[in-house]
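S.K.: Below you will find the structure I want to go over with you.
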Amino acid sequence: MPLLVMKSTRLMWVRLAALVFTCVAFSVVSNGGAVVDSMANWSIFCWAFSFAGTLLVVVVEIIGLHSCTPVSWIDFPITFACYAFLLCLSASVIFLLYFLKGQIVYSEVQDHWIASTVFSCLATVAYFVEVSLTRAQPDQFAGYMVTVPGLLKVCEIFVANVIFVFISDPVSYDSHSALKWCMAVYCICFIISAGILVRCIAGCTECQPFKNIHSAYTLLAVTMYLSATIIWPIFKFDSRYSESSSRPASCQYYHGLCPWDKLLTVAVLTALNFLIYLVDLAFLAQ
């Protein structure tokens, strides 16, 4: 029968702090934030998801159910902490851009927004510290996800998720077949990278066929993202193919990102993911 064991370690205290910060962030904005925007719902999801996952990790650590989990417990906590860090960071930026920048609202509502943003930033710091502490552990306690290629895989999937958010609101890839190819690149690479991540968390990283497939796929992803990095700006910002070659004057009246800003963000994130895959390929080639 599993025993309740509360290990007083720095890692546990950091996880408990992240648990409190995320709980406060989504509780405050849900109860008094008066927000119904889709970006606000995304932020609340980020905090709630991070809270639920951290609670799961803490409970498993306290009860001692590591051997009963269907995944490699060496890799799962740091993988989740990386995603929670990125999610809380994105939620913090979203609230700063969409709900605090230039807004004049009732003071009580704004106080809720500010409080949620502050606790989101604290949660972001807590998850960053958790990742740093996990990576600083001795080698015998470090799994594949602690390595640079493992962390890069997390970033590749997260950046693709953010691209999906911006490219679908409003839909901006259906005006030309070349843009549909870009969307195919994002989807294909996301699905395969997610599959590789699942195998990594399951502890299936030592077999040679997996390493060969991983290297071949990363090379393919670099090539595909390079094509999307070139194609997307041409068909979205070149006046020969698009009417949105320059930023519309109406964008200055938007709170947050206007549709043109989202197109530019997709272009930047596509180039960023290309660079991440390129670095990943360089590490795999060593």
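Note that Cβ sites are derived from N, Cα and C of the backbone, with glycine treated the same way.
Not my notes, these are from TrEMBL:
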DOMAIN    6-139  domain 'MARVEL'
TRANSMEM  42-64  transmembrane segment
TRANSMEM  76-100  transmembrane segment
TRANSMEM  112-129  transmembrane segment
TRANSMEM  141-166  transmembrane segment
DOMAIN    144-286  domain 'MARVEL'
TRANSMEM  178-202  transmembrane segment
TRANSMEM  214-235  transmembrane segment
TRANSMEM  263-285  transmembrane segment
S.K.: Which range wins on Cβ pairs under 8 Å with the transmembrane segment (141-166): 76-100, 112-129, 178-202?
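M.R.: If we count Cβ pairs closer than 8 Å to the transmembrane segment (141-166), 178-202 scores highest.
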S.K.: Find the member of 42-64, 76-100, 178-202, 263-285 that has more C-beta pairs under 8 Å to the transmembrane segment (112-129) than any other listed stretch.
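M.R.: By the under-8 Å Cβ criterion, the transmembrane segment (112-129) pairs most with 76-100.
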S.K.: Short question: which residues 6 or more past the ends of the transmembrane segment (263-285) have a Cβ under 8 Å from it?
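M.R.: Distant contacts of the transmembrane segment (263-285): 148-149, 152-153, 155-156, 159-160, 162-163, 166-167, 172, 182, 186, 189, 211, 214-215, 218-219, 221-222, 225-226, 228-229, 232-233, 236-237, 244, 257.
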S.K.: Quick one: mean pLDDT on the domain 'MARVEL' (144-286)?
M.R.: 87
S.K.: Provide the three-state DSSP residue tally for the domain 'MARVEL' (144-286): helix first, then strand, then coil.
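M.R.: Its residues divide into 109 helix, 2 strand, 32 coil.
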